[in-house]
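According to TrEMBL, the feature domain 'Fructose-1-6-bisphosphatase class I N-terminal' maps to 2-194. The Mg(2+) 1 binding site annotation in TrEMBL covers E89, D112, L114. The Mg(2+) 2 binding site annotation in TrEMBL covers D112, D115, E277. Annotation comment: TrEMBL describes D115, G116, S117, S118, N208, Y241, Y259, L260, Y261, K271 as substrate binding site. Positions annotated as domain 'Fructose-1-6-bisphosphatase class 1 C-terminal' by TrEMBL: 199-328.
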Amino acid sequence: MKTLGEFIVEKQQDFPHATGELTSLLSAIKLGAKIIHRDINKAGLVDILGTNGASNVQGEAQMKLDLYANEKLKAALIARGEVAGIASEEEDDIVVFEGERATHAKYVVLMDPLDGSSNIDVNVSVGTIFSIYRRITPIGQPITEADFLQPGNRQVAAGYVVYGSSTMLVYTTGVGVHAFTYDSSIGVFCLSHEKVRFPTKGNMYSINEGNYIKFPLGVKKYLKFCQEQDESTGRPYTSRYIGSLVADFHRNLLKGGIYLYPSTASHPKGKLRLLYECNPMAFLAEQAGGRASDGFRRILDIEPEELHQRMPLFIGTESMVKDAERFMHNYPDE
Ligand SMILES: O=P(O)(O)OC[C@H]1O[C@](O)(COP(=O)(O)O)[C@@H](O)[C@@H]1O
Ligand SMILES: [Mg+2]
Ligand SMILES: [Mg+2]
């Protein structure tokens, strides 16, 4: 069984920079993931469930585990020399690491330390999402917010950890998507899916239909398309919605399917954040032969305007996302 470290060294030409740097960056993510895995599995026994009484910059109630995961991942990244700073769903502003790191470390990391927060207290799969860029501020000057507001097509690596029936780390450096399953008995992530790709056809759609009333007309028309009887195209599709982007995406990646979080009444610009949810998942989707847009534009080409900006997300099997985009185009909202 090949470990993550062995795989990276074997594929060293896959990382556009130095293999050692990627190994170190992913080792930090792995370390954070192992700690979160350990404590999620006994969350009912230690005081990391429930809310902490505060809200994040987006006004969302912060779960204790959101903050716990954020602190563990931040500490793991600080312990590595390659990272100049981070941006996180749980941090109002960028966090510039101290000392020479701010002026000389090559990379910045953006993260959703715990994705699927509403699932935490009910023992349903959650995840961690990360996105890695090379700094654009010249070496010798401290990084700024500009280093984080890069379009998704400039990511050097991205991935997620899904804490489900097993804990898996899935990443890309732009040369395919690779998945590793955590063997907690030996504390190692082992290669389980090399170059994983979406099945060319899919028959599952993931969306919170509770928001139907305020969906764009194109989404309503697409959902009716999914529910029509047409055996030649495998319809009606199956509806599956876990309520955790990482878990829904992971199932669709393996089985084929589409995840949609369009604009809704409570989130007119969509709920998911461009920088640390849409972009890393879009990088993975495209590298696995899938597609990711806001219903009209390729996610990876969207120029970010602010750290926590939200974005509609249509992501998954390419043919299904193209179908949804066709309905968005043919039935524009008045
Ligand atoms: O409960 P809703 O509105 O359907 O939203 C569920 C979506 O929100 C999210 O939980 C947002 O992520 P966070 O939990 O990191 O805030 C996604 O993981 C999930 O797909
Ligand atoms: Mg999230
Ligand atoms: Mg989160």
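Any Cβ shown, glycine's included, is placed from N, Cα and C.
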Inquiry  = Assuming the binding residues for substrate are exactly those in the record, D115, G116, S117, S118, N208, Y241, Y259, L260, Y261, K271, what is the maximum CA-CA distance in angstrom, rounded?
reply    = 18
Key: Contacting binding-site residues for ligand 2, chosen from L114, S117, N208, Y259, Y261 when the Cβ sits under 6 angstroms of any of its atoms   = none
Ask   = Among the binding-site residues Y259, Y261, which residue has the largest number of other Cβ atoms within 10 Å of its own Cβ?
value = Y259
Task = Write out, in the order they occur in the sequence, the residues of the chain not among E89, D112, L114 that have a C-beta within 8 Å of the mean position of the C-beta atoms of the recorded Mg(2+) 1 site.
result = D66, A69, N70, S88, E90, M111, P113, D115, S117, T128, I129, Y276, E277
Task = Consider only the binding-site residues D112, D115, N208, Y259: which of them have a Cβ under 6 Å from an atom of ligand 1? Write none if no residue does.
result = D112, D115, N208
D112 (Mg(2+) 1 binding site) versus E277 (Mg(2+) 2 binding site) - Cα distance in angstrom = 7
Request  = Count the residues of the domain 'Fructose-1-6-bisphosphatase class 1 C-terminal' (199-328) that DSSP assigns to helix (H, G, I), to strand (E, B) and to coil, and report the three numbers in that order.
outcome  = 59 helix, 23 strand, 48 coil
Which listed residue (S117, N208) has most other Cβ within 10 Å, given these are binding-site residues = S117
Key: Reported mean pLDDT - the domain 'Fructose-1-6-bisphosphatase class I N-terminal' (2-194)   = 88
Query = What does DSSP call E89 (Mg(2+) 1 binding site) in the simple three-state scheme?
reply = coil
Task = Determine which residues of the same chain, besides D112, D115, E277, have their CB within 8 A of the center of the CB atoms at the recorded Mg(2+) 2 site, and list them by sequence.
result = E89, M111, L114, G127, T128, I129, Y160, L245, V246, L272, R273, Y276, M281
